[in-house]
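Database features (Swiss-Prot):
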type     : residues                            : note
BINDING  : Tyr54, Asp57, Trp60, Glu100, Glu153 : histamine 1 binding site
BINDING  : Tyr118, Trp155                      : histamine 2 binding site
DISULFID : Cys66-Cys187                        : disulfide bond
DISULFID : Cys137-Cys166                       : disulfide bond
SIGNAL   : 1-18                                : signal peptide
Amino acid sequence: MKLLLSLAFVLALSQVKADKPVWADEAANGEHQDAWKHLQKLVEENYDLIKATYKNDPVWGNDFTCVGTAAQNLNEDEKNVEAWFMFMNNADTVYQHTFEKATPDKMYGYNKENAITYQTEDGQVLTDVLAFSDDNCYVIYALGPDGSGAGYELWATDYTDVPASCLEKFNEYAAGLPVRDVYTSDCLPE
């Protein structure tokens with residue numbers, strides 16, 4: 001198990017160049033990394049977490065599954081939204097939820113906001129970097145509570161029809177990492 005984790009860690013680091021992932025290039029990729037535009041769209045559309053390269057999260061718990069998100073209360077003046085997440089984990093097979101204040105942020109020396117900082121109801125502060133976004137989907141580079149990379153997430157509005165653009169980017173960025181399905185048909189109520 002330690003060998004597998006060490007290998008995954010080394011492979012994840014191979015994606016990083018001088019503490020900066022290969023996709024963290026504002027000139028080349030900034031058009032698809034606009035965090036404020038993404039948060040505004042989140043108010044209009046619900047998204048499901050389709051795939052992830054990690055399985056434990058400080059908010060969603062261990063072995064999280066069936067994660068979905070939406071947002072409300074768009075505040076243009078303060079530039080934030082109230083994000084709502086629903087999920088299950090190995091501690092409870094009943095849907096749980098959390099509300100978090102989501103604010104656009106800047107990472108990797110960007111001039112434009114390319115990350116989202118979440119403040120949970122219990123005061124945790126977590127940051128996700130928007131590695132890629134397109135119509136109806138996005139790829140997140142989730143940072144752990146200590147700021148180190150936790151892994152990649154693939155989100156889409158329809159888990160049965162993930163746009164090729166996001167699937168290709170996710171597969172490129174997550175190459176060599178263990179990938180698991182998070183939102184599947186098992187998540188739907190019977």
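Each residue's number is its place along the chain shown, starting with 1.
Here the Cβ of each residue, glycine as well, is placed from N, Cα and C on the backbone.
Cβ neighbour count for Glu153 (histamine 1 binding site) (all protein chains, 10 Å cutoff from its Cβ): 23. Reduced to three states, the DSSP call for Cys187 (disulfide bond) is helix. Listed in sequence order, Asp48, Thr65, Cys66, Gly68, Met88 are the same-chain residues at least 6 apart in sequence whose CB falls under 8 Å from the CB of Cys187 (disulfide bond). Of all the recorded positions listed here (Tyr118, Cys137, Trp155), Tyr118 has the Cα closest to the Cα of Trp60 (histamine 1 binding site). In the three-state DSSP assignment, the secondary structure recorded for Cys166 (disulfide bond) is helix. Highest Cβ count within 10 Å among the binding-site residues Tyr54, Trp60, Trp155: Trp155. Cα-Cα distances to Cys137 (disulfide bond) place Trp155 within 10 Å, out of the binding-site residues Tyr54, Asp57, Glu100, Tyr118, Trp155.
Annotation note: Trp155 (histamine 2 binding site) sits in a strand segment as assigned by DSSP.
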